[in-house]
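Chemist: For R190, 210-213, 278-280, Q284, 332-335, R512, 523-524, the entry in TrEMBL reads substrate binding site. Among the features that TrEMBL reports, Mg(2+) binding site is placed at E206, N208, E429. What TrEMBL records for E206, K371, 425-434, Y436, 461-464, E487, K514, E520 is ATP binding site. Under the heading domain 'Glutathione synthase substrate-binding', TrEMBL lists 268-368.
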Amino acid sequence: MSAGIGCVACWETIPFFSASKSTTFPVLSAVRRHSPSVPFVSSSPNLVMSPPEPLILTPLQHSPLFDYHCLDQQLLRTLAYDALVWSSLHGLLVADKSVQNSGSVPGVGLVHAPVALLPTPFPENHWSEAIELAPIFNELVDRISLDATFLQQSLSGTKKADEFTSRLLDIHSKMLQIDKKEEIRLGLHRSDYMLDEKTKSLLQIELNTIASSFAGLSNLVTELHRYILSRHGNLLGLDSKSIPANNAVNQYAEALAKAWSEYNNPRAVIMIVVQAEERNMYDQHFVSAVLREKHNISTIRKTLAEVDQEGEILPDGTLSVNGQAISVIYFRAGYTPDDYPSESEWRARLLMEQSSAIKCPSISYHLAGTKKIQQELAKPGVLERFLESKDDIAKLRKCFAGLWCLDDPNIARKAIEKPELFVMKPQREGGGNNIYGDDVRETLLKLQQAGSQEDGAYILMQRIFPSVSAAILMRNGCWHKDRVVSELGVFGTYLRNTNRVIMNKQSGYLVRTKISSSDEGGVAAGFAVLDSLYLT
């Protein structure tokens, strides 16, 4: 249950605090102890909530959970107001789904992105561990993409059970038949992790190789939290310098710009493949703005249907869309069956793969990021197929959670007996697709009774139980207190031209925080808010 709700629109007067820039951490003048006999009244009119647990009066950063719920209501109002003003002035925005055309016409129906008001504590040693993994995963994806036999064989069972994966594999097969080589390979990846409370281990949730979002907005959330702490850090007992730098949008743009340069056609543009309705368009526009302002490179935005209508491959292999040569195709759509409502979209995907344009991702990179491939990589001896460094292999294995296919009867039985310990994952991206709790048992029993090959569409994963912390969540101008869990996503950029690795590095991060009672965690899907880290 949330501990309080407040809406900025309800506030009549909001006093501003003058925060000292002292780096000492005084006290808890910002923290109020409530008497158990007095109800805790939130800033929303007529809303009375239960009092929080008594707070031990120590500096806030020493609290194991950073108990933001005990902050003074007046201070919270000021923080929330400042955050909303900053977000509006700096473009930390998404389209308001309640406003018509907000997802297709820029500037219509803007609302601040859902955010955590203050950063989430995270151990610095695990942060360093996640950073070190990024270039290893980048290289791993590239090597998997070159092993067509591994991709086709590993996904053969999934192909029979899942139509979407089958269509992707068909395109991959056609590229093999025409011996299509991707000499220049660009990857903009994001590897997502949770910190398991019981084992204190950093465990990977998934590796995203297509449409890895929020490089633009995550960059801004980091700056927002640094701003909040620079103004009010002495009252909170927190130092803005403990929030790690996040330059994701510039590094994504840099990778795209270097790929554009490698293509070596100064008249060509970068094409961003988008959904027709996109509430998160401003995250994408930030990348385009950096490309234009810092690298002098133009971008165009097209849906898959528009590519089918306007696209053609010239005799030299160049992809031309509405008469414009395309050097790099940056997919921010095409990762879900919903993006392919007709054959038009599939024709567009095939056309782009057949062209000489650099694809981000190529069809093989896309397949390398599927859940089934993640599960295959967890098998003994499989990583050794792609990597030589024993140290790198050990680092990857350390972050792997338990992953199994459904044809293992022992694992299936355990999942039916204790479904709360497992997550059932289909081959889908975008949030809202996984199966949890009793639904795991019911789905497994149905699949067993049907006796079909549909179980090839799923994998089973160990359920991770992260630490629960206190947070102030902001959405649609209102804030509320809740117990939350957080997921860290580390961006990686990779660019290779034949045997020359041009770029391979960690490139910023994303934190998504959701209420602890929620299973799913997608921000765009409405399950979570954007956040940043406070290293401890």
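Every residue gets a Cβ built from N, Cα and C, even glycine.
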Chemist: Using DSSP, break the domain 'Glutathione synthase substrate-binding' (268-368) down into helix, strand and coil residues and give each count.
Modeler: 43 helix, 26 strand, 32 coil
Chemist: So among the binding-site residues Y335, Y436, who's got the most Cβ atoms within 10 Å?
Modeler: Y335
Chemist: Enumerate same-chain residues with a sequence separation of six or more from E429 (Mg(2+) binding site) and a Cβ-Cβ distance below 8 A; give 'none' if the list is empty.
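Modeler: Listed in sequence order: N208, I210, A211, Y335, T336.
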Chemist: Taking the Cβ of E206 (Mg(2+) binding site) as reference, which residues of that chain separated by at least 6 in sequence fall under 8 Å from it?
Modeler: S191, D192, G369, K371, Q374
Chemist: List the residues in the vicinity of the Mg(2+) site, defined as same-chain residues other than E206, N208, E429 with C-beta within 8 angstroms of the site's C-beta centre.
Modeler: R190, D192, L207, T209, I210, S212, Y335, G369
Chemist: What's the CA to CA span in angstrom from K514 (ATP binding site) over to Q284 (substrate binding site)?
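Modeler: Cα of K514 (ATP binding site) to Cα of Q284 (substrate binding site) measures 23 Å after rounding.
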Chemist: I need the CA-to-CA distance for R279 (substrate binding site) versus G432 (ATP binding site), whole Å please.
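Modeler: With distance taken Cα to Cα, G432 (ATP binding site) is 17 Å from R279 (substrate binding site).
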Chemist: From the Cα of R190 (substrate binding site) across to the Cα of R463 (ATP binding site), what is the distance in angstrom?
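Modeler: So the Cα of R190 (substrate binding site) lies 20 Å away from that of R463 (ATP binding site).
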Chemist: Could you measure between S213 (substrate binding site) and G432 (ATP binding site) for me? Cα positions, answer in whole angstrom.
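Modeler: S213 (substrate binding site) to G432 (ATP binding site), Cα-Cα distance: 16 Å.
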Chemist: Spatially, and counting Cα to Cα, which of the binding-site residues is closest to Y436 (ATP binding site)? Options: R190, Q284, A333.
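Modeler: That would be R190, the closest of R190, Q284, A333 to Y436 (ATP binding site).
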Chemist: May I ask for the distance between Q284 (substrate binding site) and G432 (ATP binding site), taken between their Cα atoms and rounded to an integer number of Å?
Modeler: 22
Chemist: Tell me, roughly as an integer, the mean pLDDT over the domain 'Glutathione synthase substrate-binding' (268-368).
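Modeler: So the average pLDDT across the domain 'Glutathione synthase substrate-binding' (268-368) works out to 98.
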Chemist: Quick check for the class: what is the C-alpha distance, in angstrom and rounded, between A333 (substrate binding site) and G432 (ATP binding site)?
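Modeler: One finds 17 Å between the Cα atoms of these residues.
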Chemist: Using a 10 Å cut-off, grab the number of neighbouring Cβ atoms around the Cβ of K514 (ATP binding site), all chains included.
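Modeler: So the number of other Cβ atoms within 10 Å of K514 (ATP binding site) is 22.
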Chemist: Select one residue from A211, A333: among these binding-site residues, choose the one with the most other Cβ atoms within 10 Å of its Cβ.
Modeler: A211
Chemist: Work out how many Å separate G432 (ATP binding site) and R190 (substrate binding site) at their Cα atoms, rounded off.
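Modeler: So the Cα of R190 (substrate binding site) lies 18 Å away from that of G432 (ATP binding site).
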